[in-house]
Amino acid sequence: MLCLGIETSCDETAVALVENGKCIGSILGTQAPLHALFGGVVPELASREHYRCLGPLYDKLMEDAKVTLADLDVIAVTRGPGLLGALLVGLAFAKGLALASGKTLIGINHLHAHLLVAAIEEPIEYPALGLLVSGGHTHIYKIDAPDIFILLARTLDDAAGEACDKFAKMLGLPYPGGVIIDKLAQQGIPDPYLFPRPYIHNSELDFSFSGLKTSAAMYLKQYPQLIEEGQRYCSNNSKVAIKEELYNVCSSYLLAISETLYIKMERALQKYTNEIKTIIVAGGLAANSFVRQAMHNLAINYNKKILLPEQKLCTDNAVMIAYYGELLAEKGYCHRLDLSAIPRGQHIPDDMVKV
């Protein structure tokens, strides 16, 4: 089975081909330099860039892989969650291909795809406990099968990835700042008492990171020289000598986030410990060294198998869309052409048709 994947949920325009569980082609066009000028993603600009880039990227992918539209069995496209305008560009393109070719169309839940792409490298043993950590979402799922996801926890306010990007912005670092924070943090010595582990003094599995951001803002207000260090690093990058305090504060901040994720995942694991066979960590923040280490420690402590996608599969990509689309098609699922886009914050309906 050959599946085309299309991803346009935010600021990455991506297309990929997966055949029988293996990626045979993938192209990604990032808009990060454009949005960096504004300190974050501008939805209207993102939509226009998807519209400009998607067609040429598709043509190049098909040419490089030496396949045609007629060779495809399935067309999978992100239908949500994401920026509505951006989603509509990808959805319209996919529907056009499906209408012209008569191929199977499947709308993909972007969040579920993030978690299942780990299986492209190593099979998932179900049931699995999945942690999705990204700029827009922080969710814990119990995954009983590729088409059975049970949401156990979500963030009540800010996502973990957003908390990283906002901290980077406070320090005067460029967008997207999460990667830079991680790079700086790896050279620091974390202070485990500098920042709180938010929303842990309860029995809940849900997350809340707004208090951590507030704590960081208050700390930087006390020590404005850290902001000056961040701006110096930004202006001259690694060529300028940076004071160790900047490394240490970044390290302490990421330790607070990673330990919070550990605590909540441990609670979920204890609740289902006799059932869970695999821990999966996915999303953009799954590429963070502190998060990866914390989840490795969790898996070791509870003697569970852990799957962490390689870093290029942690951020938004079309490989995960094509891979998940193929899995669903093999189970007989598809969507009609009235498939709708679902923006962030709205429930994605279970409206697939089984044939």
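Each Cβ is built from the backbone N, Cα and C atoms, and glycine gets one as well.
Per Swiss-Prot, the feature Fe cation binding site maps to His110, His114, Asp316; the stated evidence is sequence analysis. The DSSP secondary structure for His114 (Fe cation binding site) is helix. Cβ neighbour count for His114 (Fe cation binding site): 30 (other Cβ atoms within 10 Å of its Cβ, all protein chains included).
Mapped onto three states, the DSSP output places Gly178 (substrate binding site) in helix. Per Swiss-Prot, the feature substrate binding site maps to Leu132, Val133, Ser134, Gly135, Gly136, Asp165, Gly178, Asp182, Asn288; the stated evidence is sequence analysis.
Each residue contributes its Cα atom, and for Asp316 (Fe cation binding site) and Asn288 (substrate binding site) these two points are 15 Å apart.
The distance from the Cα of Asn288 (substrate binding site) to the Cα of His114 (Fe cation binding site) comes to 15 Å.
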